[in-house]
Amino acid sequence: MQPLRGTKDILPYEIKFWQHIYNIASKILFINNYHEIRTPVIESTELFHRSIGNFTDIVSKEMYSFIDQGDRNITLRPEGTASIARAFISNKLYSNNRINRFWYFGPMFRYERPQKGRQRQFHQLGIECIGSSSPIADIEVIRLAIKILDELQHKEYIVEINSIGNIEERNKYTTLLRNYLNKYVNDLDEDSKKRLVNNPLRILDTKDPRTQEIILKAPKLKECLTLESINHFNNVCQHLNSLNIPYQINDNLVRGLDYYNYTAFEIKTTSKNAQNTICGGGRYDQLIEQLGGPKTPSVGWAIGLERLLLITKETLSLQNQYITIYIIYKNDQINDDLWKIIKVIEKLKINFELDLSNNNLYKQLKKASQRKSKICLILGEDEINNQYVTVKWINTSTQQRIKIHQLYNYLKYLKKHYLNLT
Ligand code: ATP
Ligand code: MG
C-alpha cells in the first residue's frame, strides 16, 4: 500500500533535520518570550470560512472537509493562525492584558496538486504576536524569521513586503482595480476572470504573462493608502534598513488570505526556483474581533517546513548518530546481570543496542562492528560465572575485563575521556 497522494512518511534518517529545526526555533523563540501552543488538527469548518474568507483559494478549493458522525462540518486545518485566534478567544487568553506571543509547529492540510515543495499534508512553523498594533511588532516577527534562517545557515533570501492597507482602503482600491480590469476582461486568463468577480486583489499575483502585462498599468494599491497606513509601512521599512535585512517592496504582493491588513510579506529563497516562498505572513488587526473576541491587533508568519528543509538540508551537516555500546550475550545463559548492565548504561545516558539475534557470539560481534559502535560489552558464560563483562574496542580489538560492580565507574570514566560523548 502507498501513502496518500501528497503525503509523505518522515523516516528516522530525516528526523534529525526536523528535530534540529525544532530545537533551533524553540531556543530562539524562548529567548524572545514566545510560547509554544498546540491546537487541534480538526476545527469546525465555519472557523476557516469566517477567517480565511470564502473566495480565497484555500477555502474555495483546498480544504479537507467532512461531516462527522454527529453531523458536524469539520475541516483539517489548512493553516495555523485561525486556530490560534480561536484558541485565544475560547481560552480567554486576552484576560492577562499582555501582549501574547505564541509559536506552533505542526501538520497542515490543503488539497493541492502535489509537486516538489508542495504537499497535501505539509508542516508549518509559525509565530503570532498578539495584542500590538506597533510597527515594531511587525519587525519583531520578521526579524525572528530571519534569525531562524540565519541560525540554519541559510543566507540566500529576500523579504518581499507590501502594505495592503486597511479594509476601507482595500475596498476603495478593489473598485478602482475592478473598473480598470473590466476594460480588459476578454484578455484575462480564466482564473483571473473568475477572481474579477469575487477576489480581484488576487489577480495582482497572477502567473499568467498576458494578465501580468495588463496588471503593469493597473492602478496601484498604495495610491489608495492613507497617511496612517503609509507611516506604518515606512516605519517597518526603516527598521528593515537599519537591521540590514534584505528586502524588496512588491506592489503586487497581496497574499491569499482575507484577514490580513497593513503589512504583508513573504520570504523567498534566491537559491532555488521551484516553490521559492518559504515564509508568508502579515498583520491581522481585525481577525480576533471578527471571530468574536476583543479587538486585538496582531501580526505573525508561517514557514513551510518541507520547503525550508529542501534548501537547508544541503548546508546542514548533521552527524549520523551511531550507537556507542553494543551488548552481546550468550542467550542461553541470560540472567539478571544483563539488566544490571543495561541499567548502568542508561544511568550514564550512553546510547546502546542490545543484540536480539540469537546468533553465536562471533556473529554478534560482527554485527557490533557493522553497526559502527565504539565498544562492545560481552556477557558470556565465563563472564556470568565470574561476575565480570568483557569490554571490546571495535576499532583496535583490544579487550578488558571489568567487574560488574565496577562497570559504572569504568564507563563513567570512558564517557568523559574516550567516548566523545556530550
Ligand atoms: P503558495 O503561494 O506557495 O501556495 P501560500 O501563500 O498558499 O503559498 P501560506 O498560506 O502563506 O502559503 O503558507 C505559508 C508557507 O507555508 C508558504 O510560504 C509555504 O512555505 C508553506 N506552504 C503552503 N502551502 C504548502 C503546501 N501545499 N506544501 C508545502 N508547503 C506549503
Ligand atoms: Mg497556496
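Even glycines carry a Cβ here, placed using N, Cα and C.
Source: prediction; values computed, not measured.
Copied from TrEMBL, the annotated features are:
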type    : residues                                                            : note
BINDING : Glu79, Gly80, Thr81, Arg110, Gln124, Glu128, Arg255, Tyr259, Tyr260 : L-histidine binding site
DOMAIN  : 1-311                                                               : domain 'Aminoacyl-transfer RNA synthetases class-II family profile'
Just the binding-site residues from Thr81, Gln124, Tyr260 whose C-beta lies under 6 Å from any atom of ligand 1, please, or none if there are none.
Gln124
For the domain 'Aminoacyl-transfer RNA synthetases class-II family profile' (1-311), report the average pLDDT of the model, please.
94
The record names Glu79, Gly80, Thr81, Arg110, Gln124, Glu128, Arg255, Tyr259, Tyr260 as the residues that bind L-histidine; what is their largest Cα to Cα distance in Å?
21
For Glu79 (L-histidine binding site), the three-state class that DSSP assigns:
coil
Which residues does Glu79 (L-histidine binding site) neighbour through Cβ under 8 Å, counting only same-chain ones at least six apart?
Ile52, Ile58, Met108, Gln124, Leu257, Ala302
Same-chain residues six or more away whose CB lies under 8 A from the CB of Tyr260 (L-histidine binding site)?
Ile164, Gly282, Arg283, Tyr284
Taking the Cβ of Arg255 (L-histidine binding site) as the centre, count every other Cβ atom within 10 Å, in any protein chain shown.
19
